[in-house]
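Everything on this sheet refers to the single structure shown next.
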Amino acid sequence: MAHNLILNYGLFNKLEINRPTPATTREMTKFHSDDYIDFLSRVTPDTLEEVAKYQTKFNVGEDCPVFDGLYEFCSYSAGGSISAARKLCEGNADIAINWGGGLHHAKKSEASGFCYVNDIVLGILELLKVHARVLYIDIDIHHGDGVEEAFYTTDRVMTVSFHKYGEYFPGTGDLSDIGSGKGKNYAINFPLKDGIDDESYRTIFQPVMRAVMDFYRPGAVVLQCGADSLAGDRLGCFNLSMRGHAMAVEFMKKFDVPLLLLGGGGYTIRNVARAWTFETAVAVGATLPDEIPFNDFFQYYGPDYRLDVPFNNMENHNTREYLNNTTAKILENLKNLQHAPSVQMHQVPRDAFSDDEEEDVDPGNRRVTQRMRDKSRIHDGELSDSEDEGDSRRDRKSFRESGSAEQRGGS
């Protein structure tokens, strides 16, 4: 839905849209265990006995059910984030987007919270091949536990999560969880209560992230934009409007650091598509009209057919005193950080920009060739404002025909 709405708003005039390259087993096992990925590649709804046998070991069957095409879904989601990270590493984009990623709960050897393969960790590992420090920010209503756990003992990745805490899944992310060993003080958690609104969110997000950027100075930023923190989400309990949610994207864009935007949670799907479309526009500096254009899912946006997701009259249980005290504690912890920690010089791995299995790579350079880029890029003629709806109606007009020739700013 988000992709279709983005197309019909004409935003691809400012984007380079690429087909996601599915992640290989080898790529996914850079973080996940071999036996877990092997299980995902073999299991189907028809193999119920095998599901039951490994249900406890791999945590599948309830919140993380087995469905047809599970492994394919995981490989495309992970491959999208890995490919986007490579775009940033190559310098071919300032901002890269994979709204099909952001599955932050998946662990090394188990599924969790509707997440099977942690595309975020895999994308960060790709960024670490080039950047000494990577910053991960999570604005999903649920704590980004899988990513935090993966980098809990290192200072090369700082994780920052703003989330609902207290009798709420996954139950982690207390203020006192700050990392351990070499990673002590490099995990930041801002636990929140029900009903936080735009203004309250802005007054905590901006000072915390400004201080983090000043102290940590990352080479790249990964921002998980889970939309279940929006007002009215079926599983959420925050009160952020679409613009309040997008404030995080707009603010982090100002630092002019390579930025990877990812999806995540969101269970009122029409609002998820609205938010991610609007945040795509923020990323590329476009202004969208509030009236939603006709698209394949137009009926989902009724009865008003407007882009905006407004806040409601939900009570904000986050008092000013609580927010100020929590912010002050986090800023105090930041003062204990080594300013912009250094890492030992190392050679960039040869697969930072290419897959070893590619046949079309110059072995002396190992960079992605123009032919390979063209192969993955979706060209103008393949994009229309509406896909075939099954009743022979298809508008084949491309927005590029009437779009401006200005340089595209996103990916």
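Using the three backbone atoms N, Cα and C, a Cβ is placed for every residue, glycine included.
TrEMBL has this to say about the protein:
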DOMAIN    5-281  domain 'Histone deacetylase'
BINDING   Asp63, Gly113, Tyr267  substrate binding site
ACT_SITE  His105  active site, proton acceptor
BINDING   Asp140, His142, Asp228  divalent metal cation binding site
REGION    351-411  region 'Disordered'
Please name the residue among the binding-site residues Asp63, Asp140, Asp228 whose C-beta has the most neighbouring C-beta atoms within 10 angstroms. Asp140
When the Cα-Cα distance from Gly113 (substrate binding site) is computed for each of the recorded positions His105, Asp140, His142, which gives the smallest value? His105
Take the domain 'Histone deacetylase' (5-281) and average the pLDDT across it for me. 96
Asp63, Asp140, Asp228, Tyr267 screened against His105 (active site, proton acceptor), Cα within 10 Å - retained binding-site residues: none
Additional residues surrounding substrate, by Cβ distance to the Asp63, Gly113, Tyr267 centre under 8 Å: His105, Phe114, His142, Phe169, Leu235, Gly265
Surrounding the recorded divalent metal cation site, with Cβ no more than 8 Å from the Cβ centroid of Asp140, His142, Asp228 and those residues left out, we find Ile141, His163, Lys164, Gly226, Ser229, Leu235, Gly236, Gly264, Gly265, Gly266
Could you tell me the C-alpha distance between Asp228 (divalent metal cation binding site) and Tyr267 (substrate binding site) in angstrom, no decimals? 6
Cβ packing number for His105 (active site, proton acceptor), 10 Å threshold: 27
